[in-house]
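Colleague: To start, I am sharing the structure in question, which I have written as structure tokens.
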Amino acid sequence: MSRRVAILGATGLVGQAMLRVLEEREFPTEAPRLLASDGNRRALRFRGRALPVEAVGDGAFTGIELAFFAVGNAVSEQWAEPARAAGARVVDNSSAFRYHDEVPLVVPEVNGALLDSGPTLVANPNCSTIAIVMALAPLARVARLERVAVATYQSVSGGGAEALADLESGVRAGLEGPPPPRAGGLPPFAFNVVPHIDRFESNGYAREEMKIVWETRKILGLPGLAVTATAVRVPVRVGHSAVVNARFDRAIEPEDARALWARFPGLEVVDDPGGGRYPTPLAAEGRDEVLVGRARRDLSQPNALEFFIASDNLRKGAALNAVQIAEELCRAGSRTP
């Protein structure tokens, strides 16, 4: 059965990725309604057709069954309720509703059962958090997870098209001399590593780091879990990586972790360091799987496992996860008597 779909924020990096994923996965829709909240009205292609991009406004969600939001918090907050009132189920990629107790925050492979009730608003998690919980979930099912420490290496596309343009212009300039600072005097992305993503909170953590803390707890259903994170922007176009240190109530041997990961949907084990095989963002770009490897016991504390992950932040970190949520919502609806 064909579904009437809309994408708000269709012209952004994530919105365009959503359109590609819908086409690749043969999602049952004819011609998604493409909406933008800014002035970008260029047509986008879907299944060989050029689809117009409309300005979002009153009546934009009339007749829509599924609405994907790939916009910032303010726009999501403005349009989520009108979309729901028009009868659409909303899958929101912003962080506007992630921390509302009544709004499910879903990675389908991990806690997809939350979609069985057919919620009308579902939050798509943070791009790095999705990959982190994908790797943690199979381990947490065989041993009690006690603490997680994460350092991320996040690509510039996570900051949007403007940030990506900053990187590319900075690389060109940096070949001739020092790359220029970004707007506001911020350090350049090119040839640099920047430990600053989103605004800083009063506790000294960046908002991006707190997203990982809060969302890991919520998705895994472990509100008391000890989590700490450092989020770093690296001069990579696409693909987020992270080193994860996870402590359990008992030891999980690396070979056992690899076996658990190999059986978990959406993960691919890439773990042969001696042969030059380990997760990298370049290898993850364009892939749907989260790559996991470099598994080893932590030498500094008992019962802790350390590993490295990489994933495409525009696909599993955003667009793919959103489309998977929509697919599960459709299946849940078809089961409803």
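Note that Cβ sites are derived from N, Cα and C of the backbone, with glycine treated the same way.
According to TrEMBL, the feature active site, acyl-thioester intermediate maps to C127. If you look up TrEMBL, you'll see H240 marked as active site, proton acceptor. Annotated domain 'Semialdehyde dehydrogenase NAD-binding' per TrEMBL: 4-118, in sequence order.
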Colleague: Kindly assign C127 (active site, acyl-thioester intermediate) to one of the three DSSP-derived states: helix, strand or coil.
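Modeller: Going by the DSSP assignment, C127 (active site, acyl-thioester intermediate) falls within a helical segment, counted as helix.
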Colleague: What average pLDDT is reported by the model for the domain 'Semialdehyde dehydrogenase NAD-binding' (4-118)?
Modeller: 96
Colleague: Around the Cβ of C127 (active site, acyl-thioester intermediate), how many other Cβ atoms lie within 10 Å? Please give the count over every shown protein chain.
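Modeller: I count 27 other Cβ atoms within 10 Å of it.
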Colleague: Counting across all protein chains present, how many other Cβ atoms fall within 10 Å of the Cβ of H240 (active site, proton acceptor)?
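Modeller: Result for H240 (active site, proton acceptor): 31 neighbouring Cβ atoms inside 10 Å.
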Colleague: From the Cα of C127 (active site, acyl-thioester intermediate) across to the Cα of the residue listed as 'active site, proton acceptor', what is the distance in angstrom?
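Modeller: Just about 8 Å between their Cα atoms.
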Colleague: Can you tell me whether DSSP puts H240 (active site, proton acceptor) in helix, strand or coil?
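Modeller: DSSP assigns H240 (active site, proton acceptor) to strand.
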